[in-house]
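Enquirer: Before I ask anything, let me first share the structure, which is written out below as structure tokens.
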Amino acid sequence: MKLLDSFRIVWRNLWRMKLRTALTSVGVMIGTAAIVAMIALSLGLKENAVKSLENFGNLTELDVQPAFFDYEKDEPIPDDQRKKLNMDAVREIKGISGVAAVMPIKRIQGEAKLKVGRREGFIEVIGVDALESAAYRKNDVEKGSYLSGSPQEIVVAYHVAGNLRDVEKERREARRRSADANRGGGAEMMPPRFGRGEEAPQSFNLVDKTATIVLTREYRIDDEPHFEKKEVRVRVVGQLRQSENRRYGNAVYAPLGLVKEMNDWLNRSRGDEFGDGGGSTRRTRETAQQDSFEFDEMTVKVESREKVESVVKALQERGFEVWSPARELEQINKFFFVIQIVLGGIAAVSLLVATIGIVNTMIMSILERTKEIGIMKVIGATVYNIRWLFLMESGFIGLIGGLAGLGIAWGAVELVNYFGEAGGIMSSLNIGFGGPEGEEKLRLAVIPSWLSLFAIGFSFVIGLLAGIFPAIRASRLSALQAIRSE
Amino acid sequence: MANGTGELTVTGVNHSYGTGKIKVPVLFDINLHVDKGEFVALCGSSGSGKSTLLNLLAGLTKPDEGSIFVNGEEISRFSENELCLFRRRCMGFIFQSYNLLPNLTALENVELPLIFAGESRKSRRAKAKEMLERVGLEGRMDHKPNELSGGQQQRVSIARALVNQPSIVLADEPTGNLDSKTEQEILELMRRMNRENGTTFIIVTHEQEVAEQSDRVIYLQDGRVVQKRTKPA
């Protein structure tokens, strides 16, 4: 018997008893819909949780610090045994398999402002090893290029430009506004102010401009605070693209050497200047001392999400403390796995009931068609033909139910997502991370394609399993007795 | 043209009904030989064992003792699946109550054995159509069995029995449900098929007309062959 012919016969038989087929399928439909909807819901919740985490930082980036506390011995690690974040540590971490790059960071120990033309704003200066960090920061550059290694270059994060303000101009406008307000025309003046505030950051380009980093140090003479300023001229060579990681939104990346110089100045007492003349000799000396120099922090880039766990383990064994959203992700995964099991289990019970329903229907229809089976056997159907026909029949009942159930689950998911958005459930859950760029649609439930395929395949298999016993029964019918039955 | 020679031999068959302690003996020491292309009637009163013998010949039941050879093959030793394949290839069946599938049209009923044999749609359709034309039902191909008269239904079942080109056709009271005029038509149809295809026919009947038009009549009484009468030429 040809496959297509057998399907044609099966379809005809199902169609002949369409009401019974439909009613039996409803059982599978409900079960499938329940399972798919529940898994979709938990997947959606998980996706949202993961997204929220991604807002805190890239999942393949780990922040590494020396461990301060030995949890096994339950005591703090003494200073001299603590790991140092120096070049040795960088080399050690680089040796761990799965590590793509190590980016040591040195922050400046004071306040810094960036000044470009008449605009200025506070920034966070982060010293990075230009060559080391280039490996994976290069891809994040939106405009211009990344640090080349020459000393007076900086790269700015996406939001830096937007945070620079033309202080003089704003002061002037504020004066004019208050004057306008006195004349009673305040309301008319509101829109342009808003417009400027929104548009200016995007249109303002920093790349290839000369900028000045303004450092301020405070010192006391006779308990009187005094402030001293120092200006460092730099060139902005690039701007990073907008990132979901908002932690470093206002960062300016500078070569480590530059940051070291700035820190030296900030920590030195008043009167010590590092002039351009003496600077060069000092700089060479510091390069030689690079190995004993300690960083504030190290960011370790892992090759892929899957390798994060093993890298974290290796780092901990070597005496480092690791913070990474990926570690929270692991907890989330465990939590949602349990939820999926529980929800899936409940739905599985309804599928079990549906399966019994299919078995019942099949046994009934075999009783009804006993004579027909006998005739088919006499005119040349083999035992395997009969078994195949009935297996396929019950498999198709499962398949029909599965398709219908998937459709219902899909509809339910769309509804939940629609009302979830309209009712603001997601926006209230999302408080804290949903900035202007967080407007990407957040879904409460998702049906990935693997889940659809799984649901269809699973319901078909359920049908097949339910059909095994009836099919064997049908094939064992004695042709002679079957043909005599009425 | 037919599959197999159409020869049939029964040697020393004893058979009884029932399982376990109570066994009812039905057939005693049956020895038979049917030549290829013969048209044989199997007669006997009710309970003489003729239907049981036919079921044994069809391989639907297995004899307690003895052997049955069809086309030179000992079908009494076949497994159930081998029997299915053998029937599909070499045997056709005609029943008293036609046994057509009620939800299939005449054409589809005739096609069914070819479907199980795995023939392509095009070729089996052509064969079934040709067969229905030969039994005189060219205008009724798309009718369901309940839209056909008894005689027409039996014609469909004859077409179905012959569409596989079997070497042997076994018929169980093929005219039992028909009036005498239709009976005659069906009988003539079977004889024509017998002549045209050289197919062996073994017909269980208790009707005199059928016996008279056969090449040979085998009488069964109380489970024994009592007389083999050859029709005078």
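Each Cβ is built from the backbone N, Cα and C atoms, and glycine gets one as well.
Unlike curated entries, TrEMBL annotations are predicted automatically.
Below are the features listed in TrEMBL for this protein:
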type: TRANSMEM; residues: A:21-45; note: transmembrane segment
type: DOMAIN; residues: A:21-165; note: domain 'MacB-like periplasmic core'
type: REGION; residues: A:168-200; note: region 'Disordered'
type: COMPBIAS; residues: A:168-180; note: compositional bias 'Basic and acidic residues'
type: TRANSMEM; residues: A:335-367; note: transmembrane segment
type: DOMAIN; residues: A:346-478; note: domain 'ABC3 transporter permease C-terminal'
type: TRANSMEM; residues: A:388-413; note: transmembrane segment
type: TRANSMEM; residues: A:450-472; note: transmembrane segment
Enquirer: Could you break down the residues of the domain 'ABC3 transporter permease C-terminal' (A:346-478) into DSSP helix, strand and coil, giving a count for each?
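Expert: Per DSSP, the residues of the domain 'ABC3 transporter permease C-terminal' (A:346-478) fall into 109 helix, 0 strand, 24 coil.
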Enquirer: With DSSP as the yardstick, break the domain 'MacB-like periplasmic core' (A:21-165) down into helix, strand and coil residue counts.
Expert: 62 helix, 43 strand, 40 coil
Enquirer: Looking only at the compositional bias 'Basic and acidic residues' (A:168-180), what are its DSSP counts of helix, strand and coil residues?
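Expert: Taking the compositional bias 'Basic and acidic residues' (A:168-180) as a whole: 13 helix, 0 strand, 0 coil.
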